[in-house]
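Here is what TrEMBL says about this protein:
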type	residues	note
BINDING	Cys139, His141, Glu175, His199, His402	Mn(2+) binding site
DOMAIN	219-314	domain 'Peptidase M20 dimerisation'
SIGNAL	1-22	signal peptide
Amino acid sequence: MDGFRWVSLIFFTLCMLVPTSSWSNSFLTKEKLTEIPVKFLDLAKETELLNWMVGIRRAIHENPELGFEEFETSKLIRTELDKLGIAYKYPIATTGIVGFIGTGKPPFVAIRADMDALAMKEAVEWEHKSKIPGKMHACGHDAHVAMLLGAAKMLQEHRNDLQGTIVLVFQPAEEGGGGAKKMLDAGILENVDAIFGLHVSSSYPIGVVAARSGPILAGSGFFEAVISGKGGHAAIPQHTIDPILAASNVIVSLQHLVSRETDPLDSQVVTIAKFQGGGAFNVIPDTVTIGGTFRAFSKENFMQLKQRIKEVITGQAAVQRCNATVNFHEDDMPFYPVTVNNKILHEHFKSIAGEMLGTKNIKEMKPLMGTEDFSFFAEVVPGYFYHVGMQDEAQGPFPSVHSHHFKVNEDVLPYGAALHASLATRYLLEHQPEYSSPKGSSHDEL
Ligand SMILES: [Zn+2]
Ligand SMILES: [Zn+2]
């Protein structure tokens with residue numbers, strides 16, 4: 001709490017300095033609940049705001065930064081927040097930012113964007129192609145930042161009509177680094193009642209959103225094993241202990257964990273994605289390194305897989321007279337929990353997205369084996385994560401995330417901005433405290 005006091009001071013000072021909204025006929029009222037989503041979408045589609053979001057997205061796209069290195073991205077966001085007169089706290093988890101719009105009092109609702117890019121080369125030839133070799137925004141996090149800023153701009157224009165406080169979360173390192181966990185450990189969700197996050201998706205058409213109640217994305221972890229034998233001449237195998245053969249048997253045995261040890265109706269994955277060993281045609285190497293990922297939809301299954309992966313690697317390596325060490329790299333790549341959507345927020349989402357886009361455009365999605373560190377937030381407060389479609393055949397195919405050919409359909413930006421703004425403002429309006437304590441309490445402050 002204390003850490004937020006200075007933010008509180010700046011926040012209220014700014015509220016006094018920035019001119020108040022000229023919007024006299026507010027649509028952000030309990031009487032006009034159903035109008036809110038459509039109004040926000042109309043506002044977000046206005047040329048000026050759309051172009052502003054497109055400009056931000058392209059600027060970030062040209063300068064992709066990896067997890068915990070999003071210094072320029074973070075600076076760009078802070079510059080825009082400064083121009084908008086939105087108070088924020090920085091740095092959190094190295095590059096993260098938390099902004100505040102509204103009364104500074106409960107309820108508090110958070111909306112979140114991730115900022116990091118991927119270590120891969122962009123294969124799309126266009127004017128705003130990545131200028132950084134080997135780095136690319138191939139997961140749409142550039143668009144997520146632009147959408148959250150778009151929402152922030154609209155919300156700030158209507159800040160005097162907000163019935164509570166909207167917390168803007170710009171987090172680093174979603175792609176494996178667990179930036180959300182570090183933000184959480186810094187206390188950013190203290191006092192926050194609910195959090196919403198989104199992801200652009202090429203699996204659904206533009207104007208369509210998809211989500212589900214309950215588990216939506218898997219829990220995931222990574223592992224790496226070094227299998228050590230004794231190298232030597234490839235033609236004299238009897239004088240060696242061959243780690244290539246041992247690693248091959250390890251991999252085959254690992255594939256039995258899902259096919260033989262788990263319930264076929266309960267989705268789990270074990271994938272070996274890395275196999276490194278040897279460098280010559282006629283030399284058996286001393287060691288082989290293998291690595292991969294494992295996924296499950298419950299904590300119990302996840303921990304069981306983790307234990308069995310270690311047992312199978314060490315046990316099977318021993319059968320071939322090798323030693324093995326297994327490292328789950330939890331410090332750099334923390335296990336991501338299962339992303340679980342809150343049941344009540346699912347109803348909230350369906351109602352608001354339905355009013356904005358029509359109920360036929362709200363799709364119930366199947367859980368995916370993909371993963372999201374939004375799950376750390378949703379473990380602590382009620383959370384909701386949804387997909388925003390951007391496929392448009394008229395504009396050609398939009399390949400899926402993590403492809404070198406990944407593209408964002410920029411027409412999706414107003415949808416994300418409007419959904420963020422609508423979900424948050426409606427949450428505040430629908431979760432007003434039943435009475436205010438005459439004395440107040442420190443819990444009611446930022
Ligand atoms: Zn990604
Ligand atoms: Zn992503």
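Using N, Cα and C of the backbone, Cβ positions are placed for all residues, glycine too.
Keep in mind that this is a model prediction, so the values were computed, not measured.
Distribution of TrEMBL features across the structure.
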residue: Cys139; record: Mn(2+) binding site; Cβ neighbours (10 Å): 23
residue: His141; record: Mn(2+) binding site; Cβ neighbours (10 Å): 29
residue: Glu175; record: Mn(2+) binding site; Cβ neighbours (10 Å): 20
residue: His199; record: Mn(2+) binding site; Cβ neighbours (10 Å): 21
residue: His402; record: Mn(2+) binding site; Cβ neighbours (10 Å): 13
Completion exercise
For ligand 1, the binding-site residues of Cys139, His141, Glu175 whose CB is under 6 Å from one of its atoms are Cys139, Glu175
Exercise for the section: Determine the binding-site residues, out of Cys139, Glu175, His402, lying near ligand 2 in the sense that the CB is under 6 Å from one of its atoms, and give them in sequence order. Expected result: Cys139
Problem - Assigned conformation of Glu175 (Mn(2+) binding site) - DSSP reduced to three states - result: coil
Fill in the blank from the handout: DSSP says His402 (Mn(2+) binding site), in three-state terms, is coil
Practice task
Based on DSSP, name the secondary structure state of His141 (Mn(2+) binding site): helix, strand or coil.
Solution key: helix
Exercise for the section: Within the same chain, and leaving aside Cys139, His141, Glu175, His199, His402, name every residue whose CB is within 8 angstroms of the centroid of the CB atoms belonging to the recorded Mn(2+) site, in sequence order. Expected result: Asp114, Asp116, Leu118, His137, Ala138, Gly140, Glu174, Val401
Exercise for the section: Specify the secondary structure state of His199 (Mn(2+) binding site) as given by DSSP, simplified to three classes. Expected result: strand
